[in-house]
């Protein structure tokens, strides 16, 4: 018979007990809407199978009104489907309490109900529940939460930025690292940590259309974030009233969005906590006019609290364009371009003084005068201490200057010069004769840069005449691969057709094991290709990628890169080299560039090498130089006088050297120091690597797999294959694939094998499995025989596991101060608590299972004796709970007071501190303290131990 639901009825979620007491809001057709006031969250369920249990108290139960007074139930009436409780309050007065007025924080003693109902679980499940609670508590308190689970090597500056930004309330910042330093990973870490902490629950990611796939791959593969990619087709085909409301994470191409007003309306109506905009430097703004893209992002930034802009470095952009990004973040602060220019000039001497302090360890009289002018009299004592060689004072002085830096809190910009760990590059050039078949082709756009595409598109080309049978680059590639033997080689070319043809050529002409990677393949096909390439023993020697197909992938286990052709823009060239040239690459990057002599390919090679120096170094000036010289460059690539060509090369080289000199002298060491974290990032790296070396996760997961009926078998070194067994307990276990998955706990293995799941405490499989344990009832009762000579046979010990927790909105992050913790009580026959003398594991080693029928018979016989002892357990544990709550309140108050004091003082000298930040922080403190006041104890599990 179907459940009858009425608005106002109280129900509890079977799968999300932590939400507290729910209230039925509405029954609409086949949907049921339930509000959970304790957390402020709403859930919708299918009416026929809602995972809900009716809250119905019985005479003798003590219940709580939402105003915190208690009553003992004597009678229960059902009035039109709503329960009304009658009973006595603490003053012995007759009172009535309708269920609509029940406290949202009431806890349920389900363990007791199951124990006396004969639902007794295995000892292994009891241990799993206890260990799950312990690990949950530990992770929620960890400073690494949201930072350690990414499929990437931990890198100091990225971790520093992620923690600094993600721990703010509604962060509004500009990430402007140089190319290759991992802005996308920084943004992903911020998104991930904000989602896990509850500071954000809905995220909008706006990117150029050509980067959509890269973001999709990065978010899914690195962070296990299920991002929904939106385009015109998906938007039109959606049955939902507002397609954007159906997803937590939306990835949208700006080019499509700016053209579709209906999609814009839906996007604004959906509501978002955080907006991330990639390639924000392409948003065009001038004082008198802004582009449609800029205006759209500006309107969104006005209604979305958190904004992350990913952009080129300020030096590349120029000051006006840099100002345009900053005004998106804070239009009140950055409203006047002239004032911004003047302010920037004022900071330059301070940055130079800091550079002097860092380089020389002391300050000249001129530098001291500059700092005095900036900090005033309060900086004099610090300066005096610095002059005596006090390193701590030096660090404090730099910190003070950082805090007051004009854009120090909103701008993060790391440079390769400031970040160590990049490999060298070595260039190998191979001029080859241009075949007559290409010389006879008609001249067309890009025809001479990619002649194989033009040749193959001719209708009369037969199988025997295919381009790879005569192109000398193919012969050269085969010879090079044979010379390198089984060394892994990445080949990148502009077009998918070229990549597929090259795979055919290698198979037909050489038998060299190769695989291909292009935009026509789905993610699973690309994963398989990447895994085949990564396999050291039986894998492909060469992976052939198209330009677009390789976006978002990391192949740094290889260090040989073949540029089979050259892209038409220096940014694309840097993207190609960046597939291997990343922090953590352990070898020199060997760049192999074949090109056809006396062709546009040869001149483009010369342009990149001699004018831009783009092969041997990153080229931060490449975009500006291409824009400046592009109108002259393109005609000269195809034809033109040699002297005119050489003149262009010389001019561009001179201009590049001038721009690079400007960049170097304009380096803001103060900003670099702030962005790098001044040592904080290194500490995070060490902590993550230390966590990686621990065995607690694999040990815990093995017990979890056993409990849920997941079979695991060795795949290879450091890798396991997981498959559902015939005895799989719960089909909702988040295995990821019904057929099975391959996992690894090893970070390095996961980096080279993207087809394997990288299992960390943050992985959805781990979190989902732990949620199933916590939200279910399995393991909250057990009966065991204890073998201990010190105990008289027949002695009954009672082990009670309580959860000390606070039910509150995740955005308050009270889990940092009062994470759900298992408080254990071990009562002997006299009511003494032995838990401090006998640990959980020590006790576990002395226990033997009891058949369920025998256990149930014993419990029923002992029910009258056990009930008062169970009730007495809460009295034993309450002081420990109260101590935890008081400490949590103290820490929360201290942390917020310290941060409020810092920000208030800072606001007086640095206008980038927003009033809204201070208001939100005060509100968060008051709400947090009020919620902690309501923290409760919940009896989570009972184990009855009989000495034998």
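Glycine residues also receive a Cβ, built from the backbone N, Cα and C atoms like all the rest.
Going by Swiss-Prot, these are the annotated features:
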- 177, 178, 179, 180, 181, 182, 183, 184: ATP binding site (BINDING)
- 164-332: domain 'Helicase ATP-binding' (DOMAIN)
- 473-627: domain 'Helicase C-terminal' (DOMAIN)
- 278-281: motif 'DEAH box' (MOTIF)
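Features per Swiss-Prot, on structure.
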residue: 179; record: ATP binding site; Cβ contacts under 8 Å, 6 or more apart: 574, 578, 618, 620
residue: 180; record: ATP binding site; Cβ contacts under 8 Å, 6 or more apart: 416, 422, 574, 578, 581, 582, 583, 618
residue: 181; record: ATP binding site; Cβ contacts under 8 Å, 6 or more apart: 157, 158, 414, 415, 416, 419, 583
residue: 182; record: ATP binding site; Cβ contacts under 8 Å, 6 or more apart: 152, 155, 158, 582, 583
residue: 183; record: ATP binding site; Cβ contacts under 8 Å, 6 or more apart: 175, 176, 177, 278, 310
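Within 10 Å of its Cβ, the residue among the binding-site residues 177, 178 with the fewest other Cβ atoms is 178. Sitting within 8 Å of the Cβ centre of 177, 178, 179, 180, 181, 182, 183, 184, and not among those site residues for ATP, are the Cβ atoms of 186, 414.
For the motif 'DEAH box' (278-281), residue counts in helix, strand and coil come to 2 helix, 0 strand, 2 coil, using DSSP.
The average pLDDT the prediction assigns to the domain 'Helicase ATP-binding' (164-332) is 89. When secondary structure is read from DSSP and collapsed to three states, residue 177 (ATP binding site) falls in the coil class.
There are 19 other CB atoms within 10 A of the CB of residue 184 (ATP binding site), with all protein chains counted.
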